[in-house]
Ligand code: SF4
């Protein structure tokens, strides 16, 4: 599926191939699936001697891992590509590649808008990237590797052209050294009218449970303590192995006892596929987090129908009732699209009402933007003015923030068990700036810093502590909160007359 095309930038001499510095810059936009894809690609390139740099100017290989779900993400990539036009003129040996969803969907458009791009690799062809880079560098000809479009073959042929790419990883690219993503399925068959994913990531395919378990074993040996299982509709997971059907609940049972793994979570869930077997697994398996991301998208049945989401608000409510009954205290987060075609003020008010009713831990709120290649783009007029989309976005966010803060405040005065992820992000930026000016000896004598971690129900907690706590679990007394964060301090237990005096611990 690799097809060399004549390049528009064929101005180099062949010696460039031998003298390049193997510095790799990669920019990743989009979802966790993309973060994982970048980790895998960087891992493969490292084995060929590449080093990762965060300085685009010093890199001789630049990759963009792209997202097509929202227009803004695409604009960002075209703007970054535009800026590289002159860099490419000055350094013709530079190899520029575009991978991921935009590459799969818009290959010709990318080459037309950015003729200095050397290679394009679709979502199912990431394993080809090291070869594509080598070919592009050697031949100075454009390279592309793409999976079949959904209408370009039988389902099995199209599915086969999307490879699940999960070789040895690049630990440096992980969210933290103790956390890793594990892909358990690729693609999507739900066809929500506004979404390009079924086109860009192909048909739904679940990976064999034995392969997933083996990957979790390797990650645990590398020091990973928390795994996040990834799928576009992760709870639709189904795979038959040796005559036995594995659902997500069965997979959780299979990997639960992996030595070293302390926490397991999974995203993103599809409301209609939230079986009670899965909720019972979360209840019964102590390593599973009590947290579910289950996008509702709209609180109005008419809009849900236009979106072809496949459920009503009443059905979502039934799911929420089951979650609360089987896993009490489980937090749920959601996504919402505001300004979808057909969303009136009355339907928007219904979305507000659902946030107040379901009390989501948090919601990711997006303004609708028509995406070429989707049914909504072809068939539904983008009839909500931009100003209304913006206002509804702000309004819904404000309602969600108020709910989140009220629910976070319930934790004040209580004690929570927290898995420590590492330095809090705000602190990390500040410290990098300080370290740049500090002597090595002053860096060694660091006092306690602001750390961040998560509760079992995925609430972010910040507190002061020793950086060595990263990757362990600790107990935090909650003293304050914001809309997004619980703030507290490490609990030190006073032992008096044989009694451990402390606050009640919530998980
Ligand atoms: S379930 Fe719908 S929104 Fe989610 S990836 Fe599939 S088509 Fe897109």
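Note that Cβ sites are derived from N, Cα and C of the backbone, with glycine treated the same way.
TrEMBL annotations: computationally assigned, not manually curated.
Note that the structure is predicted; figures quoted are calculated from it, not measured.
Under the heading domain 'MTTase N-terminal', TrEMBL lists 22-138.
Annotation comment: TrEMBL describes 31, 67, 101 as [4Fe-4S] cluster 1 binding site. Listed in sequence order, the residues of the same chain lying 6 or more apart from residue 101 ([4Fe-4S] cluster 1 binding site) and placing their CB within less than 8 Å of its CB are 30, 34, 66, 67, 68, 69, 123, 196, 197, 200, 201.
Feature annotation from TrEMBL assigns domain 'Radical SAM core' to 174-406.
Positions annotated as [4Fe-4S] cluster 2 binding site by TrEMBL: 188, 192, 195. In the three-state DSSP scheme, residue 195 ([4Fe-4S] cluster 2 binding site) is classed as coil. Residue 195 ([4Fe-4S] cluster 2 binding site) is surrounded by 24 other CB atoms, counting those within 10 A of its CB over all protein chains shown.
The annotation domain 'TRAM' is assigned in TrEMBL to 409-492.
Per TrEMBL, the feature region 'Disordered' maps to 427-447.
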| field | Cβ-based neighbourhood (8 Å from the centroid) of the [4Fe-4S] cluster 2 site, residues 188, 192, 195 excluded | value | 190, 191, 194, 196, 197, 198, 232
| task | Based on Cβ atoms within 10 Å, give me the single least packed residue among the binding-site residues 31, 67, 188, 192. | result | 31
| remark: Excluding 31, 67, 101 themselves, the [4Fe-4S] cluster 1 site's Cβ centre has within 8 Å the residues 29, 30, 33, 34, 66, 68, 69, 73, 100, 197, 200
| remark: CB < 6 Å to ligand 1, subset of binding-site residues 31, 67, 101, 188, 195, seq order -> 188, 195
| task | Would you kindly give the Cα-Cα distance separating residue 188 ([4Fe-4S] cluster 2 binding site) and residue 31 ([4Fe-4S] cluster 1 binding site), rounded to the nearest Å? | result | 14
